[in-house]
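Trainee: Sharing the record's features from TrEMBL:
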type	residues	note
DOMAIN	227-481	domain 'GP-PDE'
TRANSMEM	41-65	transmembrane segment
TRANSMEM	85-113	transmembrane segment
TRANSMEM	125-143	transmembrane segment
TRANSMEM	163-183	transmembrane segment
TRANSMEM	190-212	transmembrane segment
TRANSMEM	493-514	transmembrane segment
Amino acid sequence: MADPPGCCSTCATCLLCPYSCQWITAKKEKRKGLRTTKYDCSWFLFLFCVFLFTLVWLYFAIIILNDFHNFNEFIFRQKKLWLDWSLVLLIATAVLISYSSVLLVLALCLQLCGQPLKLHWVHKVLLVLTVLVVAAAFTGLGIKWAEEWKSAWISLQATGPFLHIGAVGGMTLLAWPLASFIYRTRSTGLRVLVLLLYCAAMIALYLAPLGITSPCIMEENQLPPKPALVGHRGAPMLAPENTLMSLHKAVDCDVQVFETDVMVSADGVPFLMHDEELTRTTNVQTVFPERAALNSTAFNWTDLQQLDAGSWFLERRPFPTVQSLSPGDRQEAAEQRIPSLEQALEAAKHSNISIMFDLRPENHSDYQNFVNVTLGVILQSGIPLQQVLWLPDGFREDVKQQAPGVQHVYGRKRVENEKEPVLHVNLPYQDMSSEEIRQYRQDNISVNLYVVNQPWLFSVLWCSGVSSVTTNACQVLKEMEHPIWLLPSSTYFMIWIVVDCVSFLIIIWAFVLMK
């Protein structure tokens, strides 16, 4: 098999070495009569599929970063170990995609140089292991984090048009080694099969925009108002969650609602805390080591006030933004204590923002008393009741009677024949489609979706017309004055046609040139 013009013997040898793990010179390769067999072609096809498989996983890994803090919290509750597992995920994914990418590039270059595709058995074993690792990751995702499949579907509304352009570009570049293979192979049947498969793939890609939909394909004058921001436990990227500092940082981010979680101490004082145990966000293991595993409601208010609710934030760095805090913010964070609901209501009233909260734990035997105590604190605080957004479903009718001015937010979609109209809903962003958001908007129902941290996701929901989003990254979303992208349908149609035409011409040129 002769080298084509422009591919020197040294280059061919350098390509063969890492791919075949053998230092065979081009002259020796010719003397041995080595050539690419059908078995070798099948391994090249497997390599290409592995590359696509890892590429899809890379896409998923990037998408699930929006919700990865929840995964970190889950691991801590199970193993009492805090680590930013997103770094582990990205590093492992980068290694897998880099390995398969390098092998694929080597194989394509070898094909262009007319060299045999003799993949070494070590690479074969590693490719099989790569498939098993990625398959295990997808399986675990489906079992433990199934809602992320919905997240991936939503992400296609933001990335679909650009993925289409990238896929067309990648398949177009594949025309060169493909043409080289077709012109060199001796099997007519194999040539026809490969060419038909390639043509079918390109036709499917050329027509893919017919099935691509995105709420951000619209005219500029149709764009809904920017969604309001709800601070998830305040501003947890800038301050320890569920503290007064976090509330004040959220106010600086122009949030309209402070979202938090309320528990009631053993002596009847409502306080802010998300976890049922105090171990993640306080130093309870140091102060009360023998009681650290108890439920948060088992501690009285005097005990809770002895706990440090800020130093963990500086030590564990739950978000990368902690590293960029000023010395003054670090000092303030280290001095944080668990705030009472009364203190939070006073701060919200002073800052003129609303407060929305869950009352935990819902399955507590004394939950009705928790509701009554919490309502008593709200009524005594003097905060305007319209600034209080009530999330708990338990004893909701009692709340409506005792505090008729409180706004009720439901964690479900509306149903037919409602006794009272639902005016506010609070749902995971995966649970509402763009069409449902638009319909609720037309019916004057406020929709808040959680937890939205990435600009791409915020852009999709903005274009869909959502009323507000709960976020950890209020400092990021605050700066967005426009969705990441917004295209009129006519402009997108023009881009689609131009990309397809240019791709078609390049493919024709590649086949003519290689012949």
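Note that Cβ sites are derived from N, Cα and C of the backbone, with glycine treated the same way.
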Trainee: Considering only Cβ pairs within less than 8 angstroms, which of the stretches 41-65, 125-143, 163-183, 493-514 has the most against the transmembrane segment (190-212)?
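Mentor: Between the candidates 41-65, 125-143, 163-183, 493-514, the best contact partner of the transmembrane segment (190-212) is 163-183.
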Trainee: Taking contact to mean 3 or more CB pairs closer than 8 A (sequence separation of 6 or more), are the transmembrane segment (163-183) and the transmembrane segment (41-65) in contact?
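Mentor: Counting Cβ pairs under 8 Å, fewer than 3, so no.
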Trainee: Which sequence positions outside the transmembrane segment (41-65), separated from its termini by at least 6 residues, show Cβ-Cβ distances below 8 Å to it?
Mentor: 71, 86, 89-90, 93-94, 96-97, 100-101, 103-104, 107, 117, 119, 124, 127, 130-131, 134, 137-138, 141, 145, 148, 151-152, 155, 159, 190, 454
Trainee: Just to confirm my parser: what is the rounded mean pLDDT across the domain 'GP-PDE' (227-481)?
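Mentor: Within the domain 'GP-PDE' (227-481), the model's average pLDDT equals 96.
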